[in-house]
Amino acid sequence: MSITKEFDTIAAISTPLGEGAIGIVRISGTDALKIASKIYRGKDLSAIQSHTLNYGHIVDPDKNEILDEVMLGVMLAPKTFTREDVIEINTHGGIAVTNEILQLILRHGARMAEPGEFTKRAFLNGRVDLTQAEAVMDLIRAKTDKAMDIAVKQLDGSLKTLINNTRQEILNTLAQVEVNIDYPEYDDVEEMTTTLMREKTQEFQALMENLLRTARRGKILREGLSTAIIGRPNVGKSSLLNNLLREEKAIVTDIEGTTRDVIEEYVNIKGVPLKLVDTAGIRDTDDIVEKIGVERSKKALEEADLVLLVLNSSEPLTLQDRSLLELSKESNRIVLLNKTDLPQKIEVNELPENVIPISVLENENIDKIEERINDIFFDNAGMVEHDATYLSNARHISLIEKAVDSLKAVNEGLELGMPVDLLQVDMTRTWEILGEITGDAAPDELITQLFSQFCLGK
């Protein structure tokens, strides 16, 4: 998708393909009304007010055949998502009818939109910045209401405003430093300039570091916690997974080794998406299929954000249990004592502190797991502070980290007594890095790559 491409008129189906009550075909560009007028039978579109919905029919003018009865939305530039003229044809849902209407539009002068091209035009026409464009995709992909809240705030411009204000402050600082350098005849100008640079650099660094502190929570809410359920065979791992999911998604039997692979499912725990990984029981085995599952389990354990270690409280600790306790001790771990509905035989004093006794069979204390997750990852402070700006995008986090590094370089240079005019280079670099976040200084290749990840019609 070229950045310099002429803005011709584009079209795409904006609703998921398949049967449904309504399908929407979207057109955007200078010729949107002209093309729609060729195939729409109803009111004269050139005389219709903007932002209205109009009843009529879509007709193939070559055959004089009606394709569908529709409601046609007219939205005139610049007060549209793309800041171009936009037509949205609301058809009866279905693969055949929406495709027929799209093909008719393409035959009469529109081009098939590329993935994300409507949002890309909104960006290139100044309707949204890059953070807001990315928030559109985050909103589409949000798995929980908390992830949706963060995406909506970003779409509303919270991160954009913070970054733009910081960039303006950096420019103001650089301009003041430049003025001071240009008038060296004042005796105290060098000291004033150094003091200004130090104060502002520390202020910017503190702001960026505070933003980075939100990254862990934001990334968890956006992408979820990779959660490995581990334990020796037949301690209730798959039953726990099913209990959390409230569905029978994993095989549950009384035969050891029946979970021979890694089973992944998502579950919403108080607004946090947990990617639950039910692993094969980790033990020595000669079964080649089970052996592969065990190796994958060990890999899942290494990569997990959270480990749920399940032990059988109705049996004494085994060597395998002790091995798993040792293997997972450096992880964010919650130890669960399952089968509390049976007589207890495990020695609790041999276990780490803060274990949670549960009975998957009787659904006992499952809610305590949710509370412990909140304690570990959110310091019991709640999931989302509504007035906070969160970093959740890996690209944004990486760029903020680079900006902090540039600011640290300025501070280190000041401590070493380097000339302020040399340190302006690092301060300017910070300004440029922050511009990559909003798209003001992002390379064309990055913009093209970002929008290529969007779905068709968006």
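From the backbone N, Cα and C atoms, a Cβ is placed for every residue, glycine too.
Taken from Swiss-Prot as is:
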BINDING   Arg26, Glu88, Arg127, Lys458  (6S)-5-formyl-5,6,7,8-tetrahydrofolate binding site
BINDING   Asn234, Thr253, Ile255, Thr258  K(+) binding site
BINDING   234-239, 253-259, 278-281  GTP binding site
BINDING   Ser238, Thr259  Mg(2+) binding site
DOMAIN    224-378  domain 'TrmE-type G'
Given Lys458 ((6S)-5-formyl-5,6,7,8-tetrahydrofolate binding site) and Ser238 (Mg(2+) binding site), what distance in Å do their CA atoms have, once rounded to a whole number? 39
Mean pLDDT across the domain 'TrmE-type G' (224-378) comes out at 73
What count of other C-beta atoms do you get within 10 angstroms of the C-beta of Ser238 (Mg(2+) binding site), across all chains shown? 24
Local Cβ density at Arg127 ((6S)-5-formyl-5,6,7,8-tetrahydrofolate binding site) - other Cβ atoms counted within 10 Å: 18
Proximal but sequence-remote residues of the same chain as Arg26 ((6S)-5-formyl-5,6,7,8-tetrahydrofolate binding site) (Cβ under 8 Å, at least 6 apart): Ala11, Ala12, Ile13, Ser14, Val86, Ile87, Glu88, Ile89, Ala113, Phe118, Gly457
Count the other Cβ atoms sitting within 10 Å of the Cβ of Lys237 (GTP binding site), across every protein chain shown. 29
Could you find out if DSSP has Glu88 ((6S)-5-formyl-5,6,7,8-tetrahydrofolate binding site) as helix, strand or coil? strand
